[in-house]
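Asks: Sharing a structure with you now.
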Amino acid sequence: MGGWSALAKLLGKVQAYSPAGGKVWLSVLFIFRILLLGTAVESAWGDEQSAFRCNTQQPGCENVCYDKSFPISHVRFWVLQIIFVSVPTLLYLAHVFYVMRKEEKLNKKEEELKVAQTDGANVDMHLKQIEIKKFKYGIEEHGKVKMRGGLLRTYIISILFKSVFEVAFLLIQWYIYGFSLSAVYTCKREPCPHQVDCFLSRPTEKTIFIIFMLVVSLVSLALNIIELFYVFFKGVKDRVKGQSDPYHATTGPLSPSKDCGSPEYAYFNGCSSPTAPLSPMSPPGYKLVTGDRNNSSCRNYNKQASEQNWANYSAEQNRMGQAGSTISNSHAQPFDFPDDNQNSKKLAAGHELQPLAIVDQRPSSRASSRASSRPRPDDLEI
């Protein structure tokens, strides 16, 4: 049982990295094969050669008849079967250990690169390559190993080989022994002088164990087939799911389009707010405060808003009847767009704007014409 415990320990490690079907298969292997073979079956076949008797006194006849009837013992045959069907699983375990070793190396290298990154080194490309390698090996966060890529192929190959070995050993057992034991075996072989009859001990008990091991082999084969289909359809499902939404998995959701002409966009995205027009009651020397227009995305917006504000101000002056008034130099506001090389315009302080006059369509009376010819003290010189 010492050898069985070592094999069971190795297979127990595989169970931590196997899907549901693989865990069920390992449970069947442990309980109904290894445990049963190590306890009941060995005791049932313990006296198989010593209890094999033939009705002859010829020396060596019993040995050659036993060798003809049982080329290999059932117990040793089942031991070979368990070893062969476990080897692909152990190869998968070796691949898992290889991936875990790679994970340790990649994590160590990633920590070194992050330390270098804190010192100011540009290691973004190397970190991205490490992430790609982790995805290739199927390594996820918290040390979890996901079955994909080479690991998935190794697991599928192990299932195929286990199924092939199960079928092969069932066929070999059927060819050598059949699936039942007889109580009497007829033997005619040298050095037996004639045809002799040989008798087997406990044939019914041994037949029951043979049928039981046959059923366990069929169950294991069925579990392998189910697991193979499950892994295949799961891989197809994951691939279809990855192809159906590839953009959101890489770049994330799209951001809404931004209207640079809206005041909300100008405020929340770093654009300067449109310049308010001068009020008619603005004191002399009052200057408008403009924001920073280095943001190229809002330059056109600020320019159009400023022109519109001055047009609105002109209309307001005309409506209020302030004809002939001019805007003093102190009211002039420079508008500078330093980043616009082609369409840059600047209203320098000291440049007079054209007077905004209201056109009166009514005919002037004679009194008003005479009154208008007299100078008044509050008239402004132009």
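Placed from the backbone N, Cα and C atoms, the Cβ positions cover glycine too.
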Asks: I'd like to know whether LYS108 shares a side of the membrane with ALA311 - going by the topological domains in Swiss-Prot.
Replies: yes
Asks: Please report the Cα separation of CYS54 (disulfide bond) and CYS198 (disulfide bond) in Å, rounded to an integer.
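Replies: Computed Cα spacing between CYS54 (disulfide bond) and CYS198 (disulfide bond) is 4 Å.
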Asks: Determine, to the nearest whole angstrom, how far the Cα atom of CYS198 (disulfide bond) is from the Cα atom of CYS192 (disulfide bond).
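Replies: That separation, Cα to Cα, works out to 12 Å.
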